[in-house]
Amino acid sequence: MKNLESPTPPASFTLWDYVVFTLMLVISAAVGLYYGFAKGGQHSSRDFLVGGRSMTAVPVALSLTASFMSAITVLATPVEVYCYGLSFILTCLSFIPMVWISSEIFLPIFYRLGITSTYEYLEMRFNKATRLFGTVLFIIQTLLYTGMVIYAPALALNKVTGLDLWGAVISTGVVCTFYCTLGGLKAVVWTDVFQVLIMLTGFLAVIIQSVISSILGLFLLLFSFDPNPLRRHTFWTILIGGTFVWTSTYGINQAQVQRYVSCKSLFHAKMSLYVNLVSLWAINLCSVFCGLCLYSVYKNCDPWTANKVSAQDQLMPYLVLDILRDHPGLPGLFVAAAYSGTLSTVSSSVNALATVTATDLISPYFSLSEQQLSWVSKGLNIFYGAMCIGMAGVASLMGGLLQAAISIVGTIGGPLLGLFTLGILFPFVNSKGGLAGLVTGLSVSFWVCIGSQIYRPLPESTRPLALETHGCNFTMAENQHNTQDRPWLADSWYSLSYLYFCPVGTLVAIAVGLIVSLVSDTKAKGKFTFIALKNFLLLYWYNMSFLFFISQYSFLFYFQAIGNSFKLDLAGGKEKKSGETNFAFRDIELDITQMQSQKSLT
């Protein structure tokens, strides 16, 4: 047998790498200092939480991208492509309906209501209990997700520099907390802009060098149109599941909505979403091509199988030091890109957590001046910064970064998306139906998510690519998968693609909410027929399936016709108990002049 060499051990950080990395941290902190003290600092909670509602489209768009294109995108998406193939690039298609749905259905309502917290809408539409439940779920979801985002780059730094893992975790949280506490939302947005550019530059450094080296035969990684929902990545799981996941993120998530409402006009808010689509494509395509670079370089001698790295999520930093060893400063640039992704996401999460806590859990129950509320918000930033650092310990116990992150977002975000959809698209749904749908959707999505963590799907479902070691100087025994003691659900329900966790939670919440509202409210029964249900559900399905090809005005006319046909009073007085009238249904039904007289936007 021919004696082939194993992968060459990568080099370590040089002085120039540390200079590049440190410069990124210094600039990020400087932005926070500038907005903390420029023009007298943050004068009110409105300045601190929503940037005085004076932001423009382009910086908000880049900030929207940075908020969820984190270090998980930099480190884990390439590994997903390396292990499971090119089909993940189809995520770019799922961004299109997500942007249309978010900008044309959810955004106008949140912006015109002038709300600071997304969950204020739930009290307007349903009741206070629903608002509190939604707020608590958001806090749990964001803490779990942010803990994972902090852990990812710390893992990269630990691999490439030898820096203590938990020292890196703590430093991440401290830097983020520093500039977001001082500068508020404006500092978060402008550091996001800088960090998106760093992320793109780091990706390009890897792609260009890999193309120069060798990147042939990569389009053997073909798409799959298998409709089986148990398959990890197919055209359908990524398009349908991705649309739901990203709509729950960009349509109703506080971290994103907070940026929309910070824009100086509704036009700028909508434009920020459409510009964000372009930057999302750029980041996602770069991360996918980095995965192709990984496959090109290591397909014949997989470093993970050859025990050169301790986890698959360390493959990208391993590649960087392997192919960029002769270019001082470029490895530091890539690690700065990973760290930039973390800083942008953690700062956004901390700022959003402070906002919902101040708006939903403190302001309604305590009489505070604007200055006092501003100081409370800054204190909450420090508190949640520390909490996110602690949650990184939980993240270290979970599996692959990308799957774990999307599972967290989808499991909780899906039912919340269902709740907001019930409130906006189904005006007869009452608070009982809303809460019942939310609780049931959460129960089902947690059931499948936890089950999939306990009983991992077999290779027959995930279909990983063949990663060989024949290019190494030794052979590895094939992994044996123990199929004993696996219940029937393990290879059916628990093997559902992780991208479907969000659609399951959303659809269950909608179905249960409709049924409970009809059963509990006799007035709703009289207004609701089978044909009405069919029309509403078909409309929602089309929204989730490229309805952006149909003009906005046709859509509004159609929906208005349905409302008039069944004599739904969509612009009447607010009734929290039954939810028969929808206080903020659509812009064509909403009398914004009356609304603004009821709620001050200052």
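The backbone N, Cα and C atoms fix where each Cβ goes, glycine too.
Those TrEMBL annotations? Automatic predictions, nothing curated.
The transmembrane segment annotation in TrEMBL covers 57-76, 88-111, 132-153, 165-185, 197-223, 235-252, 273-298, 382-402, 409-429, 435-455, 498-519, 539-559 (among others).
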Considering the transmembrane segment (88-111), which listed stretch of 132-153, 165-185, 235-252, 409-429 counts the most C-beta pairs under 8 Å: 235-252
Contacting positions for the transmembrane segment (498-519) when only residues 6+ beyond its ends and CB under 8 Å are counted: 229, 232-233, 237-238, 240-242, 244-245, 248, 403, 406-407, 409-415, 417-419, 421-422, 426, 428-430, 432-434, 436-438, 440-442, 444-445, 448-449, 452, 525, 528, 533, 540, 579
Long-range environment of the transmembrane segment (57-76) - Cβ separation under 8 angstroms, sequence gap at least 6: 148-149, 152-153, 155-156, 188-190, 192-193, 195-196, 199, 202-203, 249-250, 255-256, 259-260, 262-263, 267-269, 271-276, 279-280, 283-284, 287, 313, 316-317, 337-342, 344-345, 348, 400-402, 405
Distant-in-sequence neighbours of the transmembrane segment (273-298), which means Cβ under 8 A and at least six residues beyond its ends: 7, 57-58, 61-62, 64-65, 69, 73-74, 77-82, 86, 88-89, 91-92, 95-96, 99, 102-103, 107, 196, 199-200, 203-204, 206-207, 210-211, 213-218, 221, 250, 260, 315-316, 319, 322-323, 465, 467
